[in-house]
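In Swiss-Prot this protein carries:
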type: DISULFID; residues: Cys103-Cys180; note: disulfide bond
type: CARBOHYD; residues: Asn4; note: N-linked glycosylation site
type: CARBOHYD; residues: Asn10; note: N-linked glycosylation site
type: TOPO_DOM; residues: 1-32; note: topological domain 'Extracellular'
type: TOPO_DOM; residues: 54-66; note: topological domain 'Cytoplasmic'
type: TOPO_DOM; residues: 88-105; note: topological domain 'Extracellular'
type: TOPO_DOM; residues: 127-145; note: topological domain 'Cytoplasmic'
type: TOPO_DOM; residues: 167-190; note: topological domain 'Extracellular'
type: TOPO_DOM; residues: 212-243; note: topological domain 'Cytoplasmic'
type: TOPO_DOM; residues: 265-277; note: topological domain 'Extracellular'
type: TOPO_DOM; residues: 299-353; note: topological domain 'Cytoplasmic'
type: TRANSMEM; residues: 33-53; note: transmembrane segment
type: TRANSMEM; residues: 67-87; note: transmembrane segment
type: TRANSMEM; residues: 106-126; note: transmembrane segment
type: TRANSMEM; residues: 146-166; note: transmembrane segment
type: TRANSMEM; residues: 191-211; note: transmembrane segment
type: TRANSMEM; residues: 244-264; note: transmembrane segment
type: TRANSMEM; residues: 278-298; note: transmembrane segment
Amino acid sequence: MKGNVSELLNATQQAPGGGEGGRPRPSWLASTLAFILIFTIVVDILGNLLVILSVYRNKKLRNSGNIFVVSLAVADLVVAVYPYPLVLTSILNNGWNLGYLHCQVSAFLMGLSVIGSIFNITGIAMNRYCYICHSLKYDKIYSNKNSLCYVFLIWMLTLIAIMPNLQTGTLQYDPRIYSCTFTQSVSSAYTIAVVVFHFIVPMIIVIFCYLRIWVLVLQVRRRVKPDNKPKLKPQDFRNFVTMFVVFVLFAICWAPLNLIGLIVASDPATMVPRIPEWLFVASYYLAYFNSCLNAIIYGLLNQNFRKEYKKIIVSLCTAKMFFVESSNEEADKIKCKPSPLIPNNNLIKVDSV
């Protein structure tokens, strides 16, 4: 531990930004990174709290499928309430001066958040796959009790996956990004294992689930003559697209950093100096930025969440109590009700292989 502490202290004493050889960085860079992080923190906290409150208040949104959505929101909140503010402090102070313990806890929680996010996104994809492609079995497999057990399992697997970081010495301060984080160059084998099991394997599972769903969607839409086979409702398709967009954005935001990890792990001594610092920093802050996007996507693409967001904001602005269930009287007057993000009742009764 003493060695790690001395490394941390040495890192904070490097030239601004900690670039190789003490190269100075553009004066605008710290301000830009601080702005990105402040925006991410504010939108992350407000947006994901809106998601959680929306599910809590609205009975239509309070169902077994949305348990995974709430769990994903919690994973995104973790980084906004502790690690990101510490990174922001590091940017403003041009170095880490918060000590070894805060560095380790911050890096641990960052890892917990990202692994929890990808595991929850995988759980959502499996939920959507079962709902659309095996809907006859959906109610039995995804009862409220079972869904809570699945979410508990997701977080247990997340803890198991992140614990080795505490023993491998990979959680260190990186002055290039002003963050205590997973250091890719410490162990090539471990870095490759992390990328494969924490990113590539979950991505393969998610891609498989969504490809099967797209195949079914195309099959349903190509039917010309009416038949007795059930049709895919527009609400189901919109709900599926919402979660598909969440997955695509996560993959886009995190793929560059994981690709860099594989490149670095191939030969740390040779590849680390070859990775442009701007690319490394951009890949990290793109990944950081992802934590604030999901709540925005729900609001843009899902009418039920959007309406509940508005109700909560209006309640706050008018000083009304918002920890109460939303009234369904107004909704009952509407003939065409939009389905929630992940509805309770199956609209498709198809059991495809």
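Cβ coordinates come from backbone N, Cα and C, glycine included.
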Tell me whether the transmembrane segment (278-298) sits in contact with the transmembrane segment (33-53), defined here as at least 3 Cβ pairs under 8 Å among residues 6 or more apart in sequence. yes
Its residues classified by DSSP, the topological domain 'Extracellular' (167-190) shows 5 helix, 8 strand, 11 coil
Filtered by Cβ under 8 Å and at least 6 apart in sequence, the residues in the chain of Cys180 (disulfide bond) near it are Pro83, Leu86, Trp96, His102, Cys103, Gln104, Ser106, Ala107, Met110, Leu171, Gln172, Tyr173, Asp174
Listed stretches 67-87, 191-211, 244-264 vs the transmembrane segment (146-166), most Cβ pairs under 8 Å: range 67-87
For the topological domain 'Extracellular' (88-105), the DSSP residue counts stand at 13 helix, 0 strand, 5 coil
Averaging pLDDT over all residues of the topological domain 'Cytoplasmic' (212-243) gives 74
Grouping DSSP H, G, I as helix and E, B as strand, the residues of the topological domain 'Extracellular' (265-277) number 10 helix, 0 strand, 3 coil
DSSP tally for the topological domain 'Cytoplasmic' (54-66), helix/strand/coil in that order, comes to 5 helix, 0 strand, 8 coil
